[in-house]
Amino acid sequence: MSEKLQTLIIEDEELARNLLRSYLKDHADIEVIGECENGFDGVKAINEKKPDLVFLDIQMPKITGFEMIELLDFKPQIIFTTAYDQYALKAFELNAVDYLLKPFSKDRLLAAIEKVQHRIANEEDNTEKLEELSNFRPGEEFIDRVVVKDRHKIHIITVDQIRYVESLDDYVMIYTNDGRHMKQKTMKYFETNLDPKNFIRIHRSYIVHVDHIAEIQQYEKESYIVILKDQNKTKLKVSKTGYKKIKEVLHF
């Protein structure tokens, strides 16, 4: 790390960017190396510039600050800035560097920077906590979309596009009507964060969107498969526990 903290500002509001810039311009330990107005540009800037510190808004067009974190190849120290206080408790539970509620004073900003300097000096690694933070969807009980990075493309998949999710060890394969997408997440993450009224863990290897189930067939004693509505009539195994869950959700 260079002597000064190489810093990015990622904020969709021009007034907020201007305020941050004015607060930071005379700070002896800060060098602002760029600004971004949206999450996509922010991901690119972080991965290319590898800053020490990022001031990151949460609610932005296209993708949120939380979703941005999930797409990063490089994980800097992050201070969240937002006008919404409902994000704060979760952020602090997960040990974010700091959380600035707009409007914030220059003194409050300086205190946040001191926290960053302390962490870097003590070589604290926040990577796992920031990844946990990316799983959090503020103000919602369940996720409504999944962001997948595929080489040079970023796909935003709404949950109603998902037919089923298949476990692949530390990854999952997400199947939609348009194709399939691999993501480094666990089945437990999707089981917890997808609405159980719409998605059922039918087997240790499968989570299925109930609207895409065409049939449920018994093929052995107490053994079942589901047949999906897709053109290939995809067949998926159902465990005993999974069958009970299907009965509970579909009421039969």
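Each Cβ is built from the backbone N, Cα and C atoms, and glycine gets one as well.
Curation does not apply to TrEMBL; its annotations are automatic.
Among the ranges 106-133, 134-161, the one that TrEMBL lists as coiled coil is 106-133. Residues of the domain 'Response regulatory' (6-117) grouped by DSSP class, helix first, strand second and coil last, total 49 helix, 27 strand, 36 coil. Sorting each residue of the domain 'HTH LytTR-type' (146-252) by its DSSP state yields 24 helix, 56 strand, 27 coil.
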